[in-house]
Structures are given as C-alpha cells and as structure tokens.
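*Asks:* The structure's right below; bear with me while I get my questions together.
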C-alpha cells in the first residue's frame with residue numbers, strides 16, 4: 001500500500017526509462033495519496049474528556065479477531081481506481097482516499113453508558129426497516145449496547161415526541177416489512193430544538209437515515225454539536241431510492257426499485273400489445289437522475305423509449321418523440337414508453353404559482369410528467385390521425401415500488417451499511433457517511449456526500465447501450 005498523507009496527492013509517474021531511452025511498461029512508482037480528513041470527537045473535545053477501551057469484539061463469542069482483523073488509520077480506499085497510463089496523472093482530485101470502514105481495536109464509547117438514537121427522515125425506500133433492525137441488533141449483540149431508541153416522525157421527533165426504546169426482540173421481523181416502523185416525515189427541521197432534544201435525552205450516538213435533504217440537515221446538526229462541544233457522534237446512512245447520492249457506489253433500495261419497476265413495464269407491454277395502436281406509458285421515480293428508468297429499461301428490453309432528467313427531449317417535429325412513436329406504432333403496432341418523474345419538467349406548461357411551489361423539504365414541486373405526456377399523446381393523435389384508434393395506458397407504480405420490503409441483495413447491503421456505521425461511531429468518528437466505494441466500504445465526510453450528486457452520464461457507454469436497446473433518437477434538434 002502506498003504511503004498516506006493528508007496533504008500530498010498521489011502521482012503515478014510515467015513508465016521508467018532504461019538506459020537507451022526506451023520505456024519499460026512494467027514499473028511505475030506511486031507517491032502518497034490525499035486522505036480526506038474524517039471528523040473525530042477528539043478534534044474538539046479535550047483529551048481528558050475522552051476515554052478509550054479495548055473493542056468488546058475481542059471477547060465476543062462470534063468473532064475471533066486475528067492479525068488484520070482491526071482496521072488501522074493507514075487502511076484507505078481510493079476513490080478513483082481507473083487511470084490512463086499514457087497520460088500525466090493523476091490530478092489531485094483523482095488521488096483522493098477515504099478511511100476504510102470496519103472495527104477499530106479501541107473504542108471511544110463505553111457500551112454501558114451509550115444511548116443511541118435512530119431516526120428515518122424523508123420519503124420511503126425499500127430497506128429502511130432492515131437498516132433499523134441491523135443497527136439495533138449489531139449495537140446490542142456486537143457491542144453490548146442496551147439503551148437504543150427510535151425517534152419517530154423524522155427530525156421533528158427529536159422535540160415533539162418521546163423516543164421508543166428498541167431491542168432485538170422488538171425489531172426481529174422488521175426487515176420483512178416495507179416502509180419504516182419508526183414513521184417518517186419531511187420538514188420539521190428546527191436545528192436548536194433538535195440538538196436540544198439530543199441533549200435532553202442524553203443521546204451520545206445518533207444514526208440518521210435519509211436522502212440528500214436529510215444529509216444537509218445532518219451537516220448542520222453535526223456543526224451545532226461540535227460548536228456546543230458535545231460528546232455526541234453523528235453519522236448518516238444515505239437513503240434514496242433514486243440512487244442520486246454521489247461518491248458511494250449505490251444507495252440501498254435501488255436494486256429493489258429496479259426489480260419492482262420490471263412488473264410495471266411488463267404490465268405496460270401487455271396493455272400496449274392488447275390494443276390497436278397501444279402505448280404503455282410508465283412513470284418511474286427519479287427527480288434529478290434517471291438511474292431507475294435507465295436500469296429498468298436495460299433489464300426489461302421491452303422498452304421503446306426511455307426519457308430521463310439528464311436528457312432533454314421534445315415532442316413535435318423531425319427527430320421528436322411523436323415522430324419516433326409513430327414509426328414504432330407502424331412497425332410493431334404498439335410501443336412502451338418509460339419516463340423518469342423529473343424528465344421534461346422544463347417543457348410542461350405551468351403557472352407562476354406552480355413555479356414557486358415547494359414541498360416540505362424545500363424542493364420544487366414537480367408536475368406529473370406521465371399525465372401530461374398521456375394528454376399530449378392523445379391530442380397529437382387526434383390532430384394527425386382522425387378516425388384512427390389510439391390507446392394510452394398510463395401506469396404510475398411510484399408508491400408501490402418504494403413501499404415494498406428490500407430484496408435479498410438490498411437486505412445484505414443494508415446490513416453491511418449498518419455495521420459499518422456502528423464500527424465508525426464506536427471508534428469515535430463523527431460527521432461521516434458509510435458506503436462502498438469501488439466495492440470497499442469506507443467512511444466519507446458527511447458534508448462531502450451531502451454536496452455530491454450522482455447523475456446519469458449521457459456520454460458514457462451505459463447510455464449508449466440504452467439507445468442501442470431502444471433505438472430511440474438523441475432528440476438533438478437540427
């Protein structure tokens with residue numbers, strides 16, 4: 001492993017040259033990588049206020065720690081692992097590394113004095129109950145924590161209701177249920193009241209499960225706790241069915257959502273094939289990114305056109321959506337159209353009041369692109385194909401998809417996320433997010449994740465693969 005530095009960037013040199021000036025392609029030197037500093041309680045709490053003790057996993061009957069079991073400060077995960085050896089590389093941005101997730105040999109919390117809080121915020125997502133369950137079970141069984149509480153109704157629950165005490169027996173079957181047994185809500189973010197609630201209930205570990213808006217709130221909570229110099233560790237487990245959280249490989253619930261989207265697409269195909277000039281229109285989740293629509297299209301292979309927020313499209317004229325669909329109807333007698341909820345928002349007519357409307361989290365309120373497309377399709381057909389049949393069946397499975405339990409893959413992923421978060425918190429880290437980077441679990445500064453986005457790159461091979469499957473136009477006006 002290369003040496004690690006907080007200030008230096010990795011430089012992979014060009015191939016070493018032999019005496020005659022030719023290069024040897026087998027030797028490269030690696031200098032230190034830039035390790036992103038991970039916040040720790042000892043950064044702002046006096047040393048005498050922190051006591052450490054050996055990790056109780058040392059004596060846990062289910063573990064037999066051996067050499068290499070515990071993660072050290074020098075164990076890191078590289079953010080970027082693909083380089084072009086023909087170029088001068090890497091740049092400082094491409095040499096970033098993060099602390100590897102996992103148990104440390106010393107912990108900063110006495111399990112007998114630990115009071116952990118778990119809260120879910122924002123919309124539903126497959127796997128929420130699995131994460132809650134695994135946090136409770138792992139805190140209880142691995143570290144011997146006996147004071148674990150669920151905060152109900154999102155952020156407002158810290159100051160509006162009493163927490164619910166949790167234990168492994170209570171949460172035993174929660175992973176088989178959809179939604180969140182702790183209840184959730186949007187909004188309700190009152191920073192002073194939330195941190196006051198954390199203090200009043202003597203919580204010293206807070207596990208926050210939520211999406212980008214929730215994480216931005218968690219950054220503020222972390223900053224306020226640090227300002228008050230509280231011995232409280234904050235961690236966030238990123239939750240977004242849209243898979244739009246940056247840096248990490250993917251967010252939990254995403255694979256379940258793609259799997260469930262297949263059922264809606266299959267139903268749309270049946271409806272379309274069973275009608276004269278039938279169009280099956282499916283709206284899938286994806287406010288700012290089209291990952292679910294993209295992956296569902298690739299998995300299904302029954303989709304004729306996929307519309308996502310990252311790709312503009314237009315309806316009328318040469319190269320437009322209507323021309324393409326008309327051709328498909330002539331060729332096959334039916335068509336299946338998948339659209340992400342955030343696609344086409346800039347071309348849907350709306351009033352001034354609608355332009356200013358925001359939801360409880362402060363996000364712009366999106367209009368129903370599926371309902372709008374259905375209406376526009378019927379108007380277009382009536383104008384250009386009088387006395388000809390057209391059937392448009394619109395399917396919106398949004399709430400069905402996000403309310404189901406996680407599938408097997410996501411359940412396993414939720415477990416690993418929960419365990420990673422607990423190991424980091426017990427080691428005294430705070431203000432961080434756990435997640436896999438290139439398949440290896442790491443700890444990432446919370447603020448960095450909250451500011452990142454994972455959009456669909458419409459210039460890469462995956463989007464080209466979508467277009468090759470659907471044969472849809474690129475909707476570039478000429």
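Each residue, glycine too, has its Cβ placed from N, Cα and C.
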*Asks:* Quick one: sort out which of 1-29, 30-58 is the region 'Disordered' according to TrEMBL.
*Replies:* 1-29
*Asks:* Among the binding-site residues 240, 286, 400, whose Cα is within 10 A of the Cα of residue 211 (ATP binding site)?
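*Replies:* So the list is 240.
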*Asks:* Where does the mean pLDDT land for the domain 'Phosphofructokinase' (115-423)?
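*Replies:* Mean pLDDT for the domain 'Phosphofructokinase' (115-423): 95.
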*Asks:* Ranking the binding-site residues 212, 214, 240, 242, 402 by other Cβ atoms within 10 Å, which is at the bottom?
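*Replies:* With the binding-site residues 212, 214, 240, 242, 402, fewest surrounding Cβ atoms within 10 Å: 402.
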*Asks:* For residue 400 (substrate binding site), write down the residues of its own chain that are at least 6 apart in sequence and whose Cβ falls under 8 Å from its Cβ; none is a fine answer.
*Replies:* 260, 264
*Asks:* Rounded to an integer, what is the Cα-Cα distance in Å between residue 213 (ATP binding site) and residue 341 (substrate binding site)?
*Replies:* 18
*Asks:* Find, among the binding-site residues listed as 211, 213, 286, the one whose Cβ has the highest number of other Cβ atoms within 10 Å in the structure shown.
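*Replies:* The largest 10 Å Cβ neighbour count belongs to 286.
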